[in-house]
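**Q** I'd like to ask some things about the structure below.
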Amino acid sequence: MQQNALLQQLLADNDLSSAEMEACITAIMTGGFSDIAIAAILALLQKKGVKATELSGAYRAMMTHAIPIELDEHAVDTCGTGGDHAGTFNVSTVAAIIANGAGVSIAKHGNRSVTSRCGSADVLEALGYTIDLSPEATMELFSKTRFAFLFAPLYHPSMKAVAHIRRELGIRTIFNTLGPLANPACVKRQVIGVYDPSIMELYIETLMKTGCRHAMVVHGKTESGAPLDESSVCGITHISELHEGVVSYHSVIPEEFGLSRWKTADLKGGDREDNAMIIRRILDGSASQAQIDASIYAAAMACYVSGKATCIDEGLCLCKESLENGDAAKNFSRILDLNREIADKHRTAVN
C-alpha cells in the first residue's frame, strides 16, 4: 500500500488487513516511508486502536526481520508491557530466575528501562550478567543452564530505523504493544503482564493467531485499584488464559494461594543497584515477605504455563521449594559464572 493511501485509510479510522499491516511495518523498518509519514502512521494507529488482525500482521513483519535463535519449545518468557508507573522492583525478572531454579526453561526477552527506573536488562547487568551475548554464546549458555536473556536491540536491529521517531513522538505506539510478543526464540509459552485491562483480549487473540500453546495475560490491581502490569499480591489479578487453543478467564486474589495481602509500598523498587540488591535478598532469603510473595506468585505462573506444574498452586509449591532449599540462588550463581566465562571466551575469540 502506498504511503498516502495508507494515511488516508488511517485518517478515516479504517482497520488494516493483516497483510496490509505486515506490509506497513515492513516499509517502516526498511526505509519505505519518510520519517514524517512514519510518525503520522504510528500516531494514527494509536488513536484508532490496534486490532488483533493488525497486531498479528505487525508481528509477522517484525519477526521476519528479527535475528532468530533456537532454544527450547517449552521455554517460557515472563514480561510486562510497562506503563503502570507503580515503581515496583523487577518482579518478572526475579520470577524467571526462581522458576528456572524450579526446573523451568527460560527465554526472557527484555530491554533497558522505558517507563520505569530499571528494566530487566538494567537489573541483570547490575547483577553481573552480560546482557549482549551473541546468539551463539546465548545458545551455549542456554544449553548448560536452560536460561537465556535475549536483549531486544541485539535481535531486532531493524528497530534502530524508528528509534529516533519513537523517542521524539514520546507516546506509546504499536511497537510497545509488539514488544512482549516479539521474542526472537518464538516461544510458545508466556506470562505477559499488561497495565491496561482493555488490551488483554487483544493479546490473547494475537497469541492465538501466532501459534502460542499456553499463555497467561495478567492484569493486577493495587490496594487502591490502580493498575499493575503483573500479578498482584496487593489486590485482585485478572487473568486471560490461552491453553491449546482454549481461552478462559479467571480473577484471583493472593489469599486463595495462601499468600498474604500487601501494600504497593512494600514492593517499591529503585534504580538498578537497588533492584539488584532486592533480587539478591529474595534469593538468599533475607528479603521482606512481601517481596518474596510477589516473586513466587509470578514465578508460579511461569511454572504453570511451562507445563512443569498442573496449576498455579502446584507452581507455588515448586517455587517456594526452589527458594527455601537454595536451588534458585545456587542455580543463578552458576548462570552468572557461566555467563561470565562464555562472554570472556567469545570476546577473546573475536579479538
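Glycine too: its Cβ is placed from the backbone N, Cα and C atoms.
Here the structure is a predicted model, which means the values were calculated and not measured.
Annotations for this protein, taken from Swiss-Prot, read as follows:
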- GLY80, 83-84, THR88, 90-93, 108-116, SER120: 5-phospho-alpha-D-ribose 1-diphosphate binding site (BINDING)
- GLY80, ASN111: anthranilate 1 binding site (BINDING)
- SER92, GLU230: Mg(2+) 1 binding site (BINDING)
- ARG166: anthranilate 2 binding site (BINDING)
- ASP229, GLU230: Mg(2+) 2 binding site (BINDING)
**Q** Name the residue among the binding-site residues ASP229, GLU230 whose Cβ has the smallest number of other Cβ atoms within 10 Å.
**A** ASP229
**Q** Which residues does ARG112 (5-phospho-alpha-D-ribose 1-diphosphate binding site) neighbour through Cβ under 8 Å, counting only same-chain ones at least six apart?
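**A** Set apart from ARG112 (5-phospho-alpha-D-ribose 1-diphosphate binding site) by at least 6 residues yet with Cβ under 8 Å, we have GLY119, ALA121, ASP122.
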**Q** Near ASP229 (Mg(2+) 2 binding site), meaning Cα within 10 Å, which of GLY80, HIS109, ASN111, ARG166 (binding-site residues)?
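**A** Matched binding-site residues: GLY80, sequence order.
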**Q** List only the single closest residue to the residue listed as 'anthranilate 2 binding site', chosen from the binding-site residues GLY80, THR88, SER92, ASN111, GLU230 by CA-CA distance.
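**A** When the Cα distances are compared, ASN111 comes out closest.
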**Q** DSSP secondary structure for SER92 (5-phospho-alpha-D-ribose 1-diphosphate binding site), reduced to helix/strand/coil, please.
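**A** Looking at the DSSP assignment, SER92 (5-phospho-alpha-D-ribose 1-diphosphate binding site) belongs to a helix.
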**Q** Could you tell me the C-alpha distance between ASN111 (anthranilate 1 binding site) and THR88 (5-phospho-alpha-D-ribose 1-diphosphate binding site) in angstrom, no decimals?
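**A** So the alpha carbons of ASN111 (anthranilate 1 binding site) and THR88 (5-phospho-alpha-D-ribose 1-diphosphate binding site) sit roughly 17 Å from each other.
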